[in-house]
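Chemist: The structure's right below; bear with me while I get my questions together.
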Amino acid sequence: MMKGKLEPSERLKFIEKVLNHSASGKNLKEALASFEEDLVKLSDELQQEAQSIPNMTHPDVPIGGEDSSAVRKKVGSPREFSFSVKDHLQLGKELDLFDFDAAAEVSGSKFYYLKNEAVLLEMALVNWTLSQVMQKGFTPLITPEIVRSSIVEKCGFQPRGDNTQAYSIEGSDQCLIGTAEIPVGGVHMDSILAETVLPLKYAAFSHCFRTEAGAAGLATRGLYRVHQFSKVEMFVLCRPDESDTYHEELITIEEDLFSSLGLHYKTLDMASEDLGAPAYRKFDVEAWMPGLGRYGEISSASNCTDYQSRRLGIRYRPAELAASTNPKKGGKGNLAPTKFVHTLNATACAVPRMMICLLENNQQEDGSVIIPEPLRPFMGGMEVILPKHHTG
């Protein structure tokens with residue numbers, strides 16, 4: 001350190017240096033703000049690019065289009081009828097269960113009113129399904145049905161564009177949900193969970209809204225492909241080493257539910273080209289629909305690994321301490337580093353397609369429809385839906 005007074009010339013140099021330093025501090029502050037703006041912009045661009053890249057695929061996933069999907073199992077066999085089979089539209093008309101015509105006038109095509117026993121049947125399906133999956137450790141949820149577009153994107157869906165399945169809300173950054181998977185995925189967004197709380201298992205009831213863009217040419221009669229429907233969706237957040245096990249658990253729960261209702265179905269390991277962007281592996285369940293004369297998809301179960309959790313920022317901290325010979329002050333040095341959870345989703349009950357199966361498979365020659373036994377307590381003990389002229 002210098003002692004004594006500075007020479008005038010030296011003093012001027014020193015003052016200049018101090019002034020320059022504070023000016024450069026101000027410049028640094030401005031530059032930092034500019035860099036932060038650039039970082040936000042770059043993060044958005046990176047997010048957009050990342051969304052165009054799908055998840056990896058499980059090594060056992062069949063390669064190719066939908067026809068390459070492998071049958072995992074078949075349960076039951078198609079019911080043989082001794083009379084002419086009606087489809088659910090005809091049954092619904094004769095039993096006074098739906099009104100598509102009035103809904104088309106009020107809302108547009110692919111909307112419907114449920115009436116009479118169909119209302120009770122929807123409630124019964126939802127309540128029975130929830131009661132079953134809650135016994136398997138799932139926490140029931142009812143979710144918001146409007147979400148931010150950014151959450152839809154982070155879950156791996158496209159909220160914009162010509163072929164989007166999402167209805168966007170004009171003048172906002174929000175969409176109607178196409179599945180409860182999206183709001184449930186957002187529940188733990190940007191959080192670090194303790195390993196001890198995993199797995200988190202949710203069963204979410206919601207209405208779902210889909211534009212069905214690009215769905216022309218597929219079987220779309222009646223309730224099969226509609227713009228609004230009720231669904232119970234299972235969602236699991238777990239450790240990465242456990243997601244394959246939970247995927248098997250989810251498909252087993254689905255199969256048990258459908259077997260309990262007496263459905264004939266097959267479970268498929270879907271081929272690579274049929275996997276959505278988030279899915280590492282997807283099992284679909286297709287049930288026999290005699291009135292439509294074919295199998296129709298009633299459910300799917302997907303393991304999305306860390307595809308969604310990376311975008312949503314959902315991590316967990318392993319319980320074991322990280323090896324550290326020199327823990328830092330405050331004990332933070334020996335915390336294990338965080339990891340991303342794995343997420344899985346599976347349809348427990350998509351109401352309209354379940355209705356198709358139940359009405360068409362349980363129809364009787366006299367035009368009535370038998371209600372499966374597990375649903376009867378949830379319909380006030382009702383055993384059969386009778387044609388309206390039978391009830392006066």
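Cβ from N, Cα, C; glycine included.
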Chemist: Write down the single range among 25-52, 221-248, 249-276 that appears in TrEMBL as coiled coil.
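Modeler: That would be 25-52, per the coiled coil entry in TrEMBL.
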Chemist: Between the binding-site residues Glu212, Glu233, where is the Cβ count within 10 Å the lowest?
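Modeler: Glu212, out of the binding-site residues Glu212, Glu233, has the fewest neighbouring Cβ atoms within 10 Å.
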Chemist: Under 8 Å Cβ to Cβ from Phe229 (ATP binding site), same chain, six or more residues apart: give me those in sequence order, or none if nothing qualifies.
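Modeler: Long-range Cβ contacts: His207, Cys208, Leu223, Ala350, Val351, Pro352.
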Chemist: How far apart, in angstrom, are the most distant Cα atoms among the ATP-binding residues Arg210, Thr211, Glu212, Val226, His227, Gln228, Phe229, Glu297, Ile298, Ser299, Ser300?
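Modeler: Pairwise Cα check on Arg210, Thr211, Glu212, Val226, His227, Gln228, Phe229, Glu297, Ile298, Ser299, Ser300 gives a maximum of 19 Å.
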Chemist: Quick check: which same-chain residues outside Thr179, Arg210, Glu233, Asn345 lie with their CB within 8 A of the centre of the L-serine site CB atoms?
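Modeler: Nearby residues not in the site list: Ile177, Gly178, Ala180, Glu181, Ile182, Cys208, Lys231, Thr347.
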